[in-house]
Amino acid sequence: MKGMSQKPIWIQNISQLVTLASDKKGPRVREEMRELAIIEGGSVWIENGLIQDLGTTREMILKYIHRAEEADIVDATGKIVTPGLIDPHTHVVFGGSREHEFEMRLEGASYMDIMNAGGGIHATTRKMRTLSEEHIFNQTARRLDLFLQHGVTTLESKSGYGLDLENELKQLRVMRKLHEKHPMDIVPTFMGAHAVPEEYRENPDKYVHLVIEEMIPAVVKEDLAKFIDVFCEVEVFTPEQSEQVLLAGKEYGLIPKIHADEIEENKGAYVAAKVGAISAEHLLKVSDEGIEELAKSGVIACLLPATALYLGEKPARARDIIDAGVPVAISTDCNPGSSPTISLPLVMNLACITMKMTPAESLCAATYNAACALQIEDRVGSIEVGKQADIVLWDVHNHQKLHYIFGVNHVKTVWKKGVKVVG
Ligand code: NIG
Ligand code: FE
């Protein structure tokens, strides 16, 4: 369907057209995150995969009545329209599942205990290395269908379940194929430094060397990634190793991201600031000084409240982070261990319930600021003339309700590049 042209779509009588339009460039901070630029009684004209025009239904009828016959008209009475949601942090390309670890954790084992005993990321790595590309592709495609059904039209996806050259490339190639064949747009991140593979347990520096000297050049040669990420964590990669990996990636043109201060405070926010990362992820244990560092350097905080909930941890301090002037994005972290969910709307609910973000802040964090964390805000993340027509129609009559009623999929229709893919 990619690139297909079709009839214009004219959505009318939208109870709230939540555009998130703004003249300000770059990620939104503090009260800017609450400015949703809502048009009550709105209407949008979509043509050639793009948003051609928008306004109130009254204005749009005057302008477009002469073309009404050629369009597919959608009556959105009692419903809202938002930009397609953007998930800026996932590990969605994987095979198998780890429900037995879920049970182990319920009985008291910790996430890191399981990983150190050869489970966790290592278990999924064994699957990546043994299952066929086709199997991984098909399993992931089903997950992407579910993401779309929950209103997500673009997501970031990390490698890091190969942990050797061949299988990191395999995972990234599956990602590329999915991007080409599935309606979902996938923004790829190389995360060879997701864990120290078991065969390098005694010599992690040697693995870091392999990531830097062999994997990064090979990934860049095939143009398989836009970003580079590293799991900077006690017992995984040190702040020094993390910095080395991110700077090496940067030299090759990859943009740094970092899993920072997730399980323990480990100077992750400092590394993010020092290397000029676009975003720092998780931040459950970030210190006040770490937050200051992020604010000073303009790093986006990507918060993952479903992961905190699932690991039984306290959520990130979103209020302190927002008050410090750090732009916030939110994400599912979709992965088979710490957050086996595809529901970004659930994460939006949790952002409010567990992190005390307002519904407006949460929506901004899952659309425009998420786009900024992927450096694609010139194309998606808000409803503005000329942008890609990635649009969701929700069966609620105001945006607060999207966050207020949880555990329900409110999606009615999803258009990806102007093509209806759900509903
Ligand atoms: O973001 N922290 C590291 N990576 C993932 C978990 C991956 C897994 O358990 O498979 C995370 O929580
Ligand atoms: Fe993650």
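Glycine too: its Cβ is placed from the backbone N, Cα and C atoms.
TrEMBL does not curate its annotations; it predicts them automatically.
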Could you look at R58, R67, R98, R379 and say which one TrEMBL places alongside Y161, H194, E262, S338 in the 4-imidazolone-5-propanoate site? R98
Which single residue out of H179, H259, H403, H410 does TrEMBL record at the Zn(2+) site shared with H89, H91, D333? H259
If I take the Cα of N335 (N-formimidoyl-L-glutamate binding site) as reference, which of the binding-site residues H91, Y161, H194 has the closest Cα? H91
Please report how many Å separate the Cα atom of D333 (Fe(3+) binding site) from that of E262 (4-imidazolone-5-propanoate binding site), as a whole number. 12
Entries of R98, N335, S338 (binding-site residues) sitting next to ligand 1, with Cβ under 6 Å as the cut-off: N335, S338
Output: those binding-site residues from Y161, D333, S338 whose CB lies less than 6 Å from an atom of ligand 2, in sequence order; none if no residue fits. D333
Over the domain 'Amidohydrolase-related' (80-419), work out the mean pLDDT and round it to an integer. 98
Determine which residues of this chain, when Y161, N335, G337 are set aside, have a Cβ within 8 Å of the centroid of the N-formimidoyl-L-glutamate site's Cβ atoms, and list them as they appear in the sequence. H91, F94, R98, G120, I121, T124, G160, P336, S338
